[in-house]
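Asker: Okay, here's the structure, questions in a sec.
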Amino acid sequence: MASPQDDDDSLDALNSLEKEAKEFDKDAEIARILSAFKLDAYAILDLQPGVPESDIKACYRKKSLLIHPDKTSNPSAPDAFDLLKKAQLELMDDKHRARLDEAIADARMLLMREHKWTADSPETRTKEFAVDWREKTKEVLIDNELRRRKQLKAQLQEEGRAQRKEEEEVEARKRKREHDQAWEQSREQRIGSWRDFKGGKGEAKKGTGDGEGERPKMKKKKKIKALG
């Protein structure tokens, strides 16, 4: 018959095994999330496309509690948790989820077109097709992301040009305003210089001629009489 001490030892051993098993599950899930394709929120959450919103919430809650940084000592837990949270937010956003679903549908159509299959072809219901579909989805999502980045770069360049043009216009208006202010400030000086010039010219006229203050008399030309 087992003693109470033996029972306690067995219970401790069982608890230790359960703890190790839970840590293994946490580490495995963290590794899976970190290795998942980052542009596919379904892959990060390990969900199939088209699942209802309730499944997304339930899946996120279960996995977030499993790998929460406060629940494990795994140093990669914070990164995995952030990816999980981001994936959940993306799938809860109608526009983002619609774009993702469209890309997945495009990948399926492209794969079927390459093999000349139809929706009723038995090959589309195999495990191999599911794997190929996931790989084709990666290609489509990468192409879409590269296109998005290219468009964003062009947009930023255009915004940069527009900003530089606006700054140049602001600088031109500033220079014109400063010029107008300088012109207005020098107005009195210009008026005074003109008055001095006019006054000096008048004095010069008074100082010429036979009499003081009189204009010089012009000599009359003698008329030459014609001979004959």
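Yeah, the Cβs are placed from backbone N, Cα and C, and that goes for glycine too.
Sequence annotations record features per position, and here TrEMBL assigns domain 'J' to 40-104. Per TrEMBL, the feature region 'Disordered' maps to 155-228. What TrEMBL lists as compositional bias 'Basic and acidic residues' is 156-167, 178-216. For 217-228, the entry in TrEMBL reads compositional bias 'Basic residues'.
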Asker: What else in the chain is close to the compositional bias 'Basic and acidic residues' (156-167), if you only count residues 6 or more beyond its ends and a Cβ gap under 8 Å?
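Answerer: Beyond its ends, the compositional bias 'Basic and acidic residues' (156-167) has no Cβ neighbours under 8 Å.
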Asker: Please list, for the domain 'J' (40-104), how many residues fall into helix, strand and coil according to DSSP.
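Answerer: The composition, in the requested order, is 47 helix, 0 strand, 18 coil.
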Asker: Per DSSP, what is the residue tally for the compositional bias 'Basic and acidic residues' (156-167) in helix, strand and coil?
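Answerer: Residue counts in helix, strand and coil order: 12 helix, 0 strand, 0 coil.
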